[in-house]
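Here TrEMBL flags 25-475 as domain 'Major facilitator superfamily (MFS) profile'. The feature transmembrane segment is assigned by TrEMBL to 18-38, 80-99, 111-129, 135-157, 169-187, 199-221, 284-308, 320-342, 349-371, 383-409, 421-445, 451-471.
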Amino acid sequence: MAVGLEIKSDNRQYNGRITVFALLSCMVAATGGIIFGYDVGVSGGVTSMEPFLKKFFPKVYMKMKQDTNTSNYCKFDSQLLTSFTSSLYIAGLITTFFASSVTRAFGRKPSIVIGGAAFVLGAALGGAARDVYMLIFGRVLLGVGLGFTNQSVPLYLSEMALPKHRGAFNAVFQICINIGFIMATFINSGTVKIKGGWGWRISLAMAGAPATVLAVGALFLPETPNSLIQHSNDHEKAKQALQRVRGTNDVQAELDDLIAASHASKAIKHPYKNLMQRKYRPQLVMSIAIPFFQQVTGINVIAFYAPILFRSIGSGESASLMSATVIGLVGMSFTLLTSLLVDRLGRRALFHVGGVQMFVSQMLIGGIMAAKLEDHGGLSKGYGVIVLILICVYVAGFGLSWGPLGWVVTSEIFPLEIRSAAQSVVVAVNLFFTFLIAQLFLAMLCHLKSGIFFLFGGWVLMMTAFVYLLLPETKNIPIEKMERIWSEHLFWRGVVADAQDCNEAKTEEA
């Protein structure tokens, strides 16, 4: 029973085209994705560098170099080491709720500026770190930046894009994450060769380069027309901004919908409480389920710990870093492909194709490691290459589906009155499970060994079924008209209808 049928768009079309002004504005905003990807890639790289481990995590270094009794799967099992990676995400989790208030009260632009500034400070502290506490505090500041940018940038991109181009615009955020990841792996591959063992400082500090671009560039960003209407009664100013963004004077249809959505939004005084209402139950479920599923694909196992994973199966320091670069290039290539296909094929088709691809590759990786990688020694070169190819297949599937679409769908399905609150829930759930997996993965790898890949494969199977049954198609539907997809969906229409009946009954009683 295919209950996730495509919802047909109405005949009302918004006029406009992709303007240079809108494109440049979104490119600056999406720099937040570059920083996010860079931080993910750089943390996995530096934690495999021997000078970095020797300075900050000497017990892990000694276990890796001298302990011949410890299993391959357990050599990097250190809660302090994982705290270096995961501290960024717990800080981002806490920050995102403050970011929601700033975004709702002051607009998308101030949140992006604050996020960029926090990234700059965090990168500076990381590069100058003298002890593990200074190192982790720098990561916390990066987490503050992450909380603000991940909350505001996807909203900014969705609100600046026309419905027919919205998927492609939002996919840019995931493309930028991949670009940042690849930048980190290339820089790590170069800095690991610096004599004196201080190359890791360059790796950590270089996050300040894109962060500066974001912080300074955001000062010149225009606010979105949605936000201008929400925070001002000057509809003429909003109309002028919309005309500039769309490249046409004929924007009245879209402006009318934005004004109507703004009136509904201003009637809501407590957006988090409002989000709990039954009529928003589909959006609430998606705001929790999609970011949760995005993380339990296991992608951050690869993103954070690819160099460590390849060292665990017997690769050298430089080879493990270059393997991570190859993975990053594959991910970016398929995310670019998604940006070309998402507004043509739709979200659901790509979710299904990518899900099958990830499931099969996870099962094969787990099978090879179970059969060929013992507690001591390493994989043969041939099997090591096969594992690398399968990981690339898996990353390609993620790039086609849950990577970009996890941000695309959650940034477009929320009505304006709950948008900032719901986006905060998305970011909070995403960061919480990113933190949890980052903190627990090395211990899970130690105890579950190759079974970790079967675990993630099982989740991929479950989330693919979830999309098939419960996620409607959102292709080409105006963002301010998105509530229609739930009332026309075979499953959700009953939930929404019950909520409408309850509201009508309360109105009649009053």
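Quick reminder: no glycine exception, Cβ is built from N, Cα and C everywhere.
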Task: Cβ contacts the transmembrane segment (199-221)/the transmembrane segment (135-157), at least three under 8 Å, sequence gap 6 or more - done: yes
Task: Candidate ranges 18-38, 111-129, 320-342 - greatest C-beta contact count to the transmembrane segment (169-187) (under 8 angstroms) - done: 18-38
TODO: Report the listed stretch (111-129, 383-409, 451-471) having the maximum count of Cβ pairs within less than 8 Å of the transmembrane segment (421-445).
DONE: 451-471
Task: Local confidence of the prediction over the domain 'Major facilitator superfamily (MFS) profile' (25-475), expressed as mean pLDDT - done: 82
Task: Stretch in 135-157, 320-342, 383-409 most in contact with the transmembrane segment (80-99), if contact is a CB pair under 8 A - done: 135-157
Task: Spatial neighbours of the transmembrane segment (383-409) far in sequence, C-beta under 8 Å, 6+ residues away - done: 154, 166-167, 170-171, 173-175, 177-178, 286, 290-291, 293-294, 297, 299, 302, 306, 310, 313-315, 323, 326-327, 330-335, 337-339, 342, 347, 350-358, 360-362, 364-365, 368-369, 372, 430, 463, 471, 474
Task: Distant-in-sequence neighbours of the transmembrane segment (135-157), which means Cβ under 8 A and at least six residues beyond its ends - done: 26, 29-30, 32-33, 35-36, 39, 43, 56, 83-85, 87-96, 98-100, 102-103, 108-109, 111-112, 114-119, 121-127, 129, 169-170, 172-173, 204, 207, 211, 214, 221, 224, 407, 410-411, 419-420, 423-424, 427, 430-431
